[in-house]
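S.K.: Feature table excerpt (Swiss-Prot):
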- 439-451: compositional bias 'Low complexity' (COMPBIAS)
- 462-472: compositional bias 'Low complexity' (COMPBIAS)
- 487-532: compositional bias 'Low complexity' (COMPBIAS)
- 549-558: compositional bias 'Basic and acidic residues' (COMPBIAS)
- 576-587: compositional bias 'Low complexity' (COMPBIAS)
- 599-616: compositional bias 'Pro residues' (COMPBIAS)
- 659-686: compositional bias 'Low complexity' (COMPBIAS)
- 46: phosphoserine (MOD_RES)
- 47: phosphothreonine (MOD_RES)
- 273: phosphotyrosine (MOD_RES)
- 300: phosphoserine (MOD_RES)
- 367: phosphotyrosine (MOD_RES)
- 384: phosphotyrosine (MOD_RES)
- 394: phosphoserine (MOD_RES)
- 478: phosphotyrosine (MOD_RES)
- 576: phosphoserine (MOD_RES)
- 610: phosphotyrosine (MOD_RES)
- 314-345: region 'Disordered' (REGION)
- 436-634: region 'Disordered' (REGION)
- 650-696: region 'Disordered' (REGION)
- 1-71: topological domain 'Cytoplasmic' (TOPO_DOM)
- 94-97: topological domain 'Extracellular' (TOPO_DOM)
- 119-143: topological domain 'Cytoplasmic' (TOPO_DOM)
- 168-189: topological domain 'Extracellular' (TOPO_DOM)
- 209-213: topological domain 'Cytoplasmic' (TOPO_DOM)
- 235-256: topological domain 'Extracellular' (TOPO_DOM)
- 274-696: topological domain 'Cytoplasmic' (TOPO_DOM)
- 72-93: transmembrane segment (TRANSMEM)
- 98-118: transmembrane segment (TRANSMEM)
- 144-167: transmembrane segment (TRANSMEM)
- 190-208: transmembrane segment (TRANSMEM)
- 214-234: transmembrane segment (TRANSMEM)
- 257-273: transmembrane segment (TRANSMEM)
């Protein structure tokens, strides 16, 4: 394998990270369903529930501007109601009446406005609440700044409207402040604003928390908190409420106290609730820590097993050879033992077992291969070599592991074997789909050699049948005709012509008349048309032109391919069915004249196709077949362009003496021996167009 290195996946693209996030969100939804039985809690502000977005994208949203408008309108109504209640009591009213009117108006107004605008903007209606939410990162800084601006603007607008509609004699108590509060020092008033604002903001956080299980309505809780705090020396509790009357009446005495006290108290309340009293964050941190511990323990266990697997082959490599699982450096044993002790201590395991692993006394597990007891033992692969768990690293794959299960679409090794040079040796023909029974053909050949003809008139026909059967053995079932029918090697033509001349000289007294057309002299004498090299087995036959003299040979019937003449040609021959089996009839329109005095020329031998060489020896010869059986399995002989009509006539009535029969039998045996020798020479000269079989 070219590359066996392990690649780690980043945390953002790891499936474990997404699974943990999914479980966290499901837990939040479950807690929302359990604690959300009230309508106000289910309609929390989108500022607390919306996902984090960039400030530029947040400004472009409609929800952002709707929230700002709702905060401005709520602050306007709150300042107008609270300051109007204090001013309505009158200038000479008692302190208790002013305090009661202001506290009730503040609590009821805040409860009503919270119920109206909680699902839109969160119903802050107080810069201290907005700043506390910004500190704990519940809202963005740009939203907090816009909220505070809208709240201050709404407060100024409410105070201005109230100042305009108030009777001139009742404008003195417009600030809704008790007269004795002026006797207190600045730091005393700062402490009162800090403590009371801390309580109000804490009540807001608890009431609007969707994870908190409580009894009652969030709007009522917030209103009660404002009312209770207003009964204590009537503080402002809201910088926007102090800014509006001060701006309209132009009274700025110790105005910084009413800004810094509520803002600092609100920020302190938000931080305390977020990091101390917020159950959601505590559960989230606890779950995240437990998940990290579990994953770290799983990682440590897998790394421990992996390091042990990497270490053990390194020990046995020194004495028993290499190990196919992986490689490690020289310090792998010490590091694995040290890491194993540390990780085992974190997981609560026995460090002694892991420490002994570096010394060889380790515990066998399912994923490791047992050590080799001797050099004769074969190396065994682990029972399961895949990924052991969701969090562990896969072991280094080897070629042996890949050979276990190969896919259907596995890459073949044809490209590898393509460049391999075949081994030297004898050429072995490829095995055909249909088996070529060479042994049976050899047995038939031996039987035909031992067969003796009963009558002299059929001796030449029997020799022709032997040639046809020999031609059948030399042809393959996938054989095709060559591109030039009349081309053969000169040596084979000369040998076959000599054979035919000897046959004609040895049978001068037989009553057989043969007539054969001579081929054109240009085909026999032209050396360019004769093949000079190897003739391809799968050649394509070229169609002759109409002006060519060979076009008459292309009009043969399909029956003439097998050397059998049709019914229309049988009338021209006086032979029987058996004798006409081996006769060849040309495709000429007019039969040639018969001249017994002219010495016939030997016919061209049939073209030999590709075939495996027959074995010389046969164990069991088959029984002799008759002429009718040989007629059924008609041999296929490809006729040459120079072939012409040949007819044989036998004189069955002529008396033959026993001496002539013996001479003919001797001649036939000599001819058969010569034919066998010539066939062996031809087979040695044949070329095969097959490559040797490649080794697997």
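Start at 1 and count along the chain as shown; that gives each residue its number.
Keep in mind that glycine also has a Cβ here, set from the backbone N, Cα and C atoms.
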S.K.: Restricting attention to the topological domain 'Cytoplasmic' (209-213), give the mean pLDDT.
M.R.: 71
S.K.: If I count Cβ-Cβ pairs under 8 A between the transmembrane segment (190-208) and each of 72-93, 98-118, 144-167, 214-234, 257-273, which range comes out on top?
M.R.: 257-273
S.K.: Including all protein chains shown, what's the count of other C-beta atoms within 10 A of the C-beta of residue 273 (phosphotyrosine)?
M.R.: 19
S.K.: In the same chain, who gets a Cβ under 8 Å from the topological domain 'Cytoplasmic' (119-143) while lying at least 6 residues past its ends?
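M.R.: Distant Cβ neighbours of the topological domain 'Cytoplasmic' (119-143) are 40, 43-48, 52-53, 55, 58-59, 64, 66-68, 70-71, 74-75, 78, 110, 113, 151-152, 197, 200-201, 204-205, 208, 219, 237-240, 262-263, 265-267, 269-271, 273-274.
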S.K.: May I have the DSSP-based helix, strand and coil counts for the residues of the compositional bias 'Low complexity' (659-686)?
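M.R.: Helix, strand and coil residues of the compositional bias 'Low complexity' (659-686) number 27 helix, 0 strand, 1 coil.
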S.K.: Which residue counts does DSSP give the topological domain 'Cytoplasmic' (119-143) for helix, strand and coil?
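M.R.: Counting residues by DSSP class gives 12 helix, 0 strand, 13 coil.
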S.K.: Which sequence-distant residues neighbour the transmembrane segment (98-118)? Criterion: at least 6 residues beyond either end, Cβ under 8 Å.
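M.R.: 40, 43-45, 70-71, 73-74, 77-78, 81-82, 84-86, 88-89, 125, 173, 176, 178, 208, 217-220, 222-228, 230-231, 234, 237.
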S.K.: What same-chain residues lie close to the transmembrane segment (257-273): Cβ under 8 Å, and 6 or more beyond its ends?
M.R.: 126-129, 131-133, 135-136, 186, 189-199, 201-202, 205-206, 236-239, 242
S.K.: Quick one: DSSP breakdown of the topological domain 'Extracellular' (235-256) into helix, strand and coil?
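M.R.: Per DSSP, the residues of the topological domain 'Extracellular' (235-256) fall into 11 helix, 0 strand, 11 coil.
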S.K.: Using a Cβ-Cβ cut-off of under 8 Å, list the residues of the same chain that are 6+ residues beyond the ends of the topological domain 'Extracellular' (235-256) and lie near it.
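M.R.: Apart from its flanks, the topological domain 'Extracellular' (235-256) reaches 75, 78-79, 82-83, 106, 125-128, 151-152, 154-160, 163, 171, 174-177, 182, 186, 189, 192-193, 196-197, 200, 226, 229, 262-263.
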S.K.: Give the residue counts of the topological domain 'Extracellular' (94-97) per reduced DSSP state, in the order helix, strand, coil.
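M.R.: Across the topological domain 'Extracellular' (94-97), DSSP assigns the residues as follows: 3 helix, 0 strand, 1 coil.
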